[in-house]
Amino acid sequence: MALSSESSAASAARRPSGGPATSWRQVLARLTGGDDLARGQAAWAMDQIMTGEASPAQIAAFAVAMQVKVPTSAEVIELAEVMLNHALPFPAGAIRDDTVDIVGTGGDGVNTLNLSTMAAIVAAAAGVPVVKHGNRAASSLSGGADTLEELGVRIDLGPEQVARSVAEVGIGFCFAPLFHPSYRHTSAVRREIGVPTVFNLLGPLTNPARPRAGLIGCAFAELAEVMAGVFAARRSSVLVVHGDDGLDELTTTTTSTIWRVQAGTVDRLTFDPAGFGFPRAELDDLLGGDAQTNAAEVRAVLAGGQGPVRDAVVLNAAGAIVAHAGLSSRAEWLPAWEDGLARASAAIDSGAAEQLLARWVRFGQQL
């Protein structure tokens, strides 16, 4: 099938709200010509994908052409909003408006431990309400969902149950395939393409609980500012982070770049954990394994184990606490970090993080 062909009458040219008449020929011609899409065209394309009307060839061409052109924040905003509109909704008011997500794009090519998952548990134990969005492994041996499942956490809960989990335990988990069933149309294409595309950005941008704060890891330094622009448009309080060693986390092996999003603005900063007393780690210190191996590491850290993994977990949990503090216009950068690091360390040392994980497991067992 030629890329400009339409597979059905339903895929014929349509006029997105407020935008130009659109077809795959027009969308792909603009992208392959190196031009940004007109307003509404990215939304049109994503709706075609989410409703199953786009062919695999059209999905692949769109993903690759958008990546080569380099997506803009405006385009990614449209893609993410359409995806959220197709997601399972939460009941109005079910999730409090100061929740935090801790998640990364993946795709850094390094099989690290599930640092964001551990950091989410620690941040929740420090008193920050967490609603984490995640999935099974794509490029690593064990994704956050795989590790949580191995720990005994239920990952198959729907919106009402996740909202209860956040309210009663302090943390909840939105399993991406359950909340985004329409996104399945991209799965085979993404696997077959085998290289990162704009779709890698969408997971952290489409938490169906719509948290207002987050520590968001981006493995692609050139696209981190695009993600930050999306969060700025939402007026979220977010730290978009890229380890200068390539990790989609705050790293302890070197410095990280942070795009601090607050009150609709974006500031780019270089962050050195050595300034807070963290010793330099080696990347090998942070490597993970399968779900069983990673779950054992979670238990060891939450039980009070010392070393580079704990350091990385405390650092990332503190980053989430800082992002949460940023929901207040009174938050100051260095004091917020000092507070976040102290609270994250105390959550482990007091046993609060270990106890929270046990409560989370029991919550799922009792449903």
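Cβ coordinates come from backbone N, Cα and C, glycine included.
In Swiss-Prot, the feature region 'Disordered' is placed on 1-24, out of the ranges 1-24, 97-120. Separation of the C-alpha atoms of Asn135 (anthranilate 1 binding site) and Ser116 (5-phospho-alpha-D-ribose 1-diphosphate binding site): 12 Å, rounded to the nearest whole number. Residues within less than 8 Å, Cβ to Cβ, of Ser116 (5-phospho-alpha-D-ribose 1-diphosphate binding site) and separated from it by at least 6 positions along the same chain comprise Ile102, Val103, Gly104, Lys132, Gly134, Gly144, Leu215, Gly217, Glu249, Asn316. The CA atom of Arg190 (anthranilate 2 binding site) is located 15 Å away from the CA atom of Arg136 (5-phospho-alpha-D-ribose 1-diphosphate binding site). Each of the binding-site residues His133, Arg136, Arg190 was assessed for Cβ neighbours inside 10 Å, and the highest tally belongs to His133.
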